[in-house]
Amino acid sequence: MSGLPPLTIRLCGPRGFCAGVDRAIQIVLLALKKYSAPVYVRHEIVHNRYVVEGLQQRGAVFVEELDEIPEEHRNQPVVFSAHGVPKSVSEEARRYNLFYLDATCPLVSKVHKQAIRHQRHGRHVILIGHAGHPEVIGTMGQLEDGAVTLIETIEDALHYQPGDPDKLGFVTQTTLSVEDTAGILDVLQQRFPTLAAPAAESICYATTNRQDAVKAAAKGSDLFLIVGAPNSSNSRRLVEVAEKSGARQAILVQRADEINFENLKALSVVSLSAGASAPEIIIDEIISAFRARYNVTIELAETVVETERFLVSRELRDVILTSQDMAFVNGQANNAKNENQNTDMFTTKAE
């Protein structure tokens with residue numbers, strides 16, 4: 001009989017890698033297998049230092065701009081990150097005669113296409129998103145300067161003065177859920193009744209699913225841990241959702257060693273989730289840290305099962321990626337399901 005205090009860890013599902021992030025990491029690993037190191041990657045492939053450092057150890061070299069690639073390595077492939085890039089970047093790659101692989105999330109690519117479609121129909125494009133985010137920079141860069149207006153807040157929406165209020169269409173940053181954009185959209189649609197919406201399939205399923213799972217698990221949680229990087233938009237938002245949905249405390253952490261166990265108040269239930277760019281191996285690490293201090297029971301708090309998969313670039317489909325290749329991020333896949341003891345189901349329902 002363990003002398004450790006009891007603790008329930010409520011493990012959210014879905015959590016962590018979405019299909020777009022998984023695909024982007026696979027593209028880098030497959031390129032390393034097929035073409036050997038170095039493989040250059042423009043910008044962080046996903047917003048997670050653990051993932052970036054793991055890929056660096058395997059031969060990936062990260063740059064912010066293409067002109068940072070040494071001339072003697074310009075015969076090596078370069079990968080564009082999952083966030084997408086402006087058209088000017090692929091044009092620059094062609095000028096340098098670079099062989100590039102585009103790891104842009106297919107859902108982000110759909111947003112790009114929708115923005116272009118709006119323009120072809122004579123509409124000015126409104127982009128709801130966060131200034132400076134790589135995805136926003138990439139989407140705005142699909143069209144010429146002045147063709148896209150960024151709206152970040154309800155106040156922006158209230159004060160926006162378009163050239164022609166009857167010829168507007170909107171798209172959104174994929175890491176914002178329908179709920180995140182609802183207030184801004186309400187204002188825009190009231191002011192501009194003919195505002196054209198994007199096609200339904202351009203909405204990111206993963207952002208909404210992770211927020212719904214956090215909402216469902218938050219009530220009754222003494223502590224809600226979200227695994228993610230400070231520069232991960234969707235991870236920071238999960239912390240806000242946990243706080244608003246009833247968790248006593250919510251914290252963003254990148255690794256288990258960031259948890260200050262000494263300062264934590266008495267714990268009975270800890271809920272655990274991860275942003276779309278956070279690897280499962282960190283979930284394993286955090287659970288192990290709690291097991292060293294508590295007699296842990298795992299509850300699976302699953303709201304939906306995700307089955308989406310995106311194909312990698314055509315050039316890489318002849319290369320085989322093994323589970324061992326992905327072990328540095330995937331850890332013990334489906335951690336709690338592999339446990340033969342101390343595992344229960346927590347019935348969840350997103351409000």
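Cβ atoms are placed via backbone N, Cα and C, with glycine included.
Listed features, source Swiss-Prot:
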BINDING   CYS18, CYS105, CYS204  [4Fe-4S] cluster binding site
BINDING   HIS47, HIS83, HIS133, THR174, SER232, SER233, ASN234, SER277  (2E)-4-hydroxy-3-methylbut-2-enyl diphosphate binding site
BINDING   HIS47, HIS83, HIS133, SER232, SER233, ASN234, SER277  dimethylallyl diphosphate binding site
BINDING   HIS47, HIS83, HIS133, SER232, SER233, ASN234, SER277  isopentenyl diphosphate binding site
ACT_SITE  GLU135  active site, proton donor
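Ranking the recorded positions CYS18, CYS105, GLU135, CYS204 by the distance of their Cα atoms from the Cα of SER233 ((2E)-4-hydroxy-3-methylbut-2-enyl diphosphate binding site) places GLU135 first. Annotated pair HIS83 ((2E)-4-hydroxy-3-methylbut-2-enyl diphosphate binding site) and GLU135 (active site, proton donor), C-alpha to C-alpha distance, rounded: 5 Å. ASN234 ((2E)-4-hydroxy-3-methylbut-2-enyl diphosphate binding site) sits 12 Å from the residue listed as 'active site, proton donor', taking the CA atoms of both as reference points.
In the three-state DSSP classification, SER233 ((2E)-4-hydroxy-3-methylbut-2-enyl diphosphate binding site) falls within a helix. Rounded to the nearest whole angstrom, the C-alpha distance between CYS18 ([4Fe-4S] cluster binding site) and THR174 ((2E)-4-hydroxy-3-methylbut-2-enyl diphosphate binding site) is 12. All protein chains included, HIS133 ((2E)-4-hydroxy-3-methylbut-2-enyl diphosphate binding site) registers 18 other Cβ atoms within 10 Å of its own Cβ. Rounded to a whole number, the C-alpha distance linking HIS133 ((2E)-4-hydroxy-3-methylbut-2-enyl diphosphate binding site) with CYS105 ([4Fe-4S] cluster binding site) is 15 angstrom. When other Cβ atoms within 10 Å of the Cβ of SER232 ((2E)-4-hydroxy-3-methylbut-2-enyl diphosphate binding site) are tallied across all protein chains shown, the result is 23. Here HIS47 ((2E)-4-hydroxy-3-methylbut-2-enyl diphosphate binding site) is positioned 17 angstrom away from CYS204 ([4Fe-4S] cluster binding site), judged by their C-alpha atoms. THR174 ((2E)-4-hydroxy-3-methylbut-2-enyl diphosphate binding site) sits 10 Å from CYS105 ([4Fe-4S] cluster binding site), taking the CA atoms of both as reference points.
The Cβ of CYS18 ([4Fe-4S] cluster binding site) has 29 other Cβ atoms within 10 Å, all protein chains considered.
The least crowded of the binding-site residues THR174, SER233, judged by other CB atoms within 10 A of its own CB, is SER233.
GLU135 (active site, proton donor): 25 other CB atoms within 10 A of its CB, across all protein chains.
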